[in-house]
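Engineer: Structure below; questions to follow.
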Amino acid sequence: MSCLETLQAYAFRSLGYGERLLPRSDFTLCDQFVLIGSGMLWNIYFGVLAIVTGFVFANALAVAKNSSRGWLRRPANGFIFVFRGSPLFIQFFFAYFLFLSLKSVSPVFNLLSSAWMGALIVLFLNTSAYSAEIFYGALRSIPKGDIEAADAYGLSGWARFRRVIWPTTMRLAWPAYTNEAIFLFHATTLVFFSGFPAWRQQGDALYYANYFADKTFNPFVPYPILAFYFILLTLVIITVFGAVNSYLNRHLPQERRQKIRFKPQVIR
Amino acid sequence: MRPAIFSFCSDPASLDTFHWLSCYLTTGKHMGFYVSFGTVLLLLAITAPLALVFGFGGAMAARAHFAPLSWFGKGYIAIVRGVPDIAFFLFFVIALDQGIEWLRHQVKCPDWDAPIRQGNDFLVCSIAKMPLNSAPQWMHEIYGFSLAVLTFAIVFGAFAANVLFGAMRAVPRAQIETAEAYGMSRGQAFWRVLVPQMWVFALPGLSNLWMVLIKATPLLFLLGVEDIVYWARELGGSKAPQFTDYPHPDWRMWYFLGLLIFYLAFTKVSEIALSRITRRLSRGQATLAGEAMRKDQANSEGTPA
């Protein structure tokens with residue numbers, strides 16, 4: 001099979017299109033590149049959707065955690081504690097078996113035990129908790145002067161939040177949030193190793209890399225390919241988040257703008 | 001079958017819920033489950049210092065003046081950026097195993113001329129196998145666990161190297177200049193001035209790393225060690241009455257809930273301990289936290305009782 005044919009057969013294999021059977025012998029470099037790349041579609045799917053939905057929820061959580069009202073603050077605290085204090089791997093397992101038992105209660109929950117829905121929910125909750133902690137930290141470190149200036153302009157309530165507090169929070173939180181986004185994409189590789197079944201061998205990049213490593217008993221080809229894809233993905237994330245960062249700081253003079261440098265001093 | 005701990009466990013089907021549970025939770029397999037919590041703690045106890053050593057070595061290498069060594073150190077630090085740690089776990093476990101066997105093969109069977117990789121097989125001569133095929137089961141388990149520990153230490157060593165490298169650069173330059181002015185050599189300035197002062201800068205990163213390490217321990221399951229995740233899956237699965245005295249439906253959810261609570265408690269305790277250590281190390285330091293503590297103390301002494 002030429003490389004072009006491989007591409008046609010396996011480029012969307014992870015989504016169920018193309019050849020049904022995975023290659024079983026005589027694995028070429030092209031096979032591995034195409035199939036692992038095909039699996040990346042799942043990592044991107046999980047990562048992008050969890051980031052986008054998690055961002056909204058994380059903002060709400062951060063505001064709730066910062067609230068002076070106990071009935072808002074305590075649930076937010078508890079939620080963040082549970083999801084930040086336990087391993088994502090265990091959360092996946094627990095959620096999967098929880099969804100399985102829900103399934104036996106009512107067919108309404110059938111969707112939940114499939115990876116594309118169930119794992120996405122877990123990732124969404126998980127990243128919300130981590131991002132909320134980042135946003136909360138930023139919210140607490142808004143310079144007092146900014147708020148006083150808002151008060152002096154007669155801004156209060158929602159207007160003050162939307163025009164002063166929230167933009168500043170984002171500005172302060174963005175470098176740390178970029179790290180969180182990168183680690184979330186890394187975390188998506190856990191999905192198919194933690195209970196959630198890869199239906200008809202439709203898995204993510206690590207699933208296929210592991211498949212090749214098991215079959216060829218040679219880890220030195222598939223894992224570097226996987227690493228290559230992930231480094232590429234990380235560069236894309238840094239570029240996108242860097243663009244947002246410079247948009248957030250567009251009012252600052254050039255030399256005071258903080259460039260995003262990926263330095264995981266604090267990792268998740 | 002192992003004799004039961006409680007005497008009333010001879011006929012579990014006739015027991016009420018409480019007694020049934022106390023019998024169920026003390027079966028031989030459950031003892032294996034409890035022991036595996038020890039495995040996790042053992043892994044942490046060995047890995048944490050080892051990763052710190054690897055990290056220190058990596059940070060020192062990255063600071064080296066000899067360019068290839070510095071590239072090596074920086075490359076080692078860079079592996080944590082961009083690539084998921086779980087990919088490294090899966091990679092290193094096989095790669096280390098094959099590397100060790102290959103080395104032993106080179107030493108023990110120098111006149112072996114067949115290629116080691118034949119198609120999809122990795123073949124070394126039988127006396128180079130690690131551990132030997134004839135070795136008892138516990139040797140295989142110890143070997144598997146050691147590989148897992150080494151893998152964890154390599155990956156987390158890279159994280160630690162990143163933190164320590166940053167901390168070494170955070171020590172004020174003036175401190176080193178003073179040391180140089182006193183006529184200390186580069187090595188002396190490093191060991192006597194830089195290293196003692198860097199810990200307070202490294203502590204936030206290292207505490208964070210400890211938390212990440214705790215939360216990475218369930219990945220032992222993927223490295224083929226019989227850890228808590230393995231047992232929770234094994235014990236929780238539904239059991240038919242034909243095969244066991246304690247039949248039950250699928251309880252895996254409850255087992256994993258237990259693990260979730262175990263980890264929550266563990267991270268909570270660590271958090272409290274780490275904040276105490278931070279307070280302790282900040283005392284008398286020229287940092288914001290140290291200054292705040294000094295003021296607090298001065299205030300409380302100043303106010304009349």
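Keep in mind that glycine also has a Cβ here, set from the backbone N, Cα and C atoms.
All TrEMBL annotations are machine predictions without curation.
Note that this is a predicted model, so its numbers are computed, not measured.
Marked as domain 'ABC transmembrane type-1' by TrEMBL: B:37-272. The transmembrane segment feature in TrEMBL is assigned to B:31-54, B:75-96, B:142-168, B:189-213, B:253-274.
Thinking about packing and proximity, how do these listed features fit into the structure?
Structural biologist: Beyond its flanks by at least six residues, the transmembrane segment (B:142-168) meets 39, 43, 46-47, 50-59, 62-63, 73, 76-77, 79-80, 85, 88-89, 92-93, 96-97, 130-131, 194, 198-199, 201-202, 205-206, 209, 212-213, 216, 220, 223-225 of its own chain at Cβ-Cβ distances under 8 Å.
A Cβ distance under 8 Å defines the sequence-distant neighbours of the transmembrane segment (B:253-274), meaning residues of its chain 6+ beyond its ends; these are 37, 207, 210-211, 214-215, 218, 228-229, 232-233, 235-236.
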Engineer: Quick test of the contact rule: Cβ under 8 Å, at least six residues beyond the ends. What residues does that give for the transmembrane segment (B:75-96)?
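Structural biologist: Same-chain contacts beyond the flanks: 58-59, 61-62, 147-148, 150-152, 154-155, 157-159, 161-162, 165, 216, 219, 222-224.
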Engineer: Do any residues of this chain, six or more beyond the ends of the transmembrane segment (B:189-213), have a C-beta under 8 angstroms from a C-beta of it, and if so which?
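Structural biologist: Cβ under 8 Å, 6 or more out: 44, 47-48, 51-52, 152, 156, 159-160, 162-164, 166-168, 170-171, 175-176, 178-180, 267, 270-271, 274, 277-278, 281-282, 285, 287.
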